[in-house]
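A.B. asks: This is the structure I want to talk about, given as structure tokens.
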Amino acid sequence: MALCLGQVFSKDKTFRPRKRFEPGTQRFELYKKAQASLKSGLDLRKVVQLPEGENISDWIAVHVVDFFNRINLIYGTMSEFCTERTCPIMSGGLRYEYRWQDGDEYKKPTKLSALKYMNLLMDWIESLINNEDIFPTRVGVPFPKNFQQVCKKILSRLFRVFVHVYIHHFDSICSMGAEAHINTCYKHYYFFISEFNLIDHSELEPLKEMTQKICN
């Protein structure tokens, strides 16, 4: 029997601790506004649009952190099915393989298991969104000039989580009754990155058919 979403996506299954916005800050108010729109039943294409008078970098920052939290939760739920044995390579079917490179420990693209890749990915994103020089939280502190480029890289790598989960663990998603929730999360993500041109569309090719199915 499929579990209800409240059971499937429980906080104790989060792959990494949730990144929270500080109450009373502009970023927190934007987050609340975005969440209210998301729950209102409005067309997701409209929900992702920049609210009048708001700063685009703040809007992108709020969504990058929110997508990190949501995708983190999705993978945390799937991680019991995604092990070193079941997924020895981080891939999206036979055509797509993702190798890890961070310029530090992994200076060259390196083949890893999906689980190891996800661990490194979440650590890497956490280090960026917790870095005040990249994601400033203090009023009046400007975003760096390369802020959108950093966000594009984060969102591009988060897309790979969707690819792996949809292609390799879709049966588990369905058996848990989580298909509708994950589809909604993906639609929200897809409309957002499309609205602000945050990913090269050639990178979306692995989920082209899935995207056409659930986003049209």
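Backbone N, Cα and C define each Cβ position, glycine as well.
Residues or ranges marked as Zn(2+) binding site by TrEMBL: CYS82, CYS87, HIS164, HIS169.
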A.B. asks: Relative to the Cβ position of CYS82 (Zn(2+) binding site), how many further Cβ atoms are located within 10 Å?
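C.D. replies: Summing over all protein chains shown, CYS82 (Zn(2+) binding site) has 20 other Cβ atoms within 10 Å.
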A.B. asks: Report the same-chain neighbours of HIS169 (Zn(2+) binding site): residues 6+ apart in sequence with Cβ closer than 8 Å to its Cβ, ordered by sequence.
C.D. replies: MET78, PHE81, CYS82
A.B. asks: If you count other CB atoms within 10 A of each CB, which of CYS87, HIS164 wins among these binding-site residues?
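C.D. replies: When each Cβ's neighbours within 10 Å are tallied, HIS164 tops the list.
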